[in-house]
Amino acid sequence: MAGPPTFAIPPTFLGTPRTGVGRFTVAGIPFDAGTTNRAGARDGPQAIRRASRMLVDGAHPVFRTDPAELDLADAGDFAVALGDIAATLATIEQQAASIPHLIALGGDHGMTLALLRALARRGGPLGLVHFDAHVDTWPDNFGQPLAHGSVFYHAIAERLVDPRRMVQIGIRSPVANEVMDWTRNQEVTVLSAQDVHEAGPAAIAAHVRAVVGEQPVYLSFDIDALDPAFAPGTGTPEIGGLASWQAQAILRRLEGLDWVGMDVMEVAPAYDSAEITALAAATMVWEYLALVA
């Protein structure tokens, strides 16, 4: 088991002493030039790592996964090109391509495009489970085609993901009618936050399973899927979101899917309160590791 965060203990995810690449590899993406509201997600990776140290006291309460027994490595933060979105996407794709099972800590959500491009080299398109307050299928954000709100527009257009095997969970932000129409015309399954509140996690998870099927699937978790009461530390919060327990309950019912990777994005610790956003993000990664290990 990882020890307390004393002097000279590496500030890695879950306190893992292993660096480099493991069966599961965590890497940070300290970049937020693609944000359109409040910046600060560049500091997300280290905040998530710090918060993860609260999760190493024992085995997972449901899956009984022991963090000390995970083949988990922390590769540190990926190199980025300061202020240059296109160049950063290219370098992240290159760095991610050699990692078998990557869990990325962000960072603005636009960086997920690079991760999906890297996975597509191995075979695609992928299924996608996408937790978010926003659909992120705008063709551009204020004239910037590579901003965080356009990530899945490009992922669909480039055939990195199969929209018929794509589920969005927690959607509730204002969106142009033409953007929502385009999204639904691609046959993306859009489940609003209200859908989750009314149907409950078990029904939502069953729906997700039916959509994504048995083929490879990727998990992308924008922390603003959670209500600001549970995750205030993010750049574009939206009220009416998921409770942290709802997201946990959905994920726990998705054991056995053919998971190929995960990211958790948009943690901006400058707006956090008592580290609850960073802890929520770290916990979602822990939930994912516990169900795939």
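Cβ atoms are placed via backbone N, Cα and C, with glycine included.
Look at TrEMBL and you will find His109, Asp132, His134, Asp136, Asp222, Asp224 tagged as Mn(2+) binding site. In the three-state DSSP scheme, Asp136 (Mn(2+) binding site) is classed as coil.
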Same-chain, non-site residues whose Cβ lies within 8 A of the His109, Asp132, His134, Asp136, Asp222, Asp224 Cβ center for Mn(2+) are His130, Ala133, His148, Gly149, Ala225, Thr236, Met265, Glu266
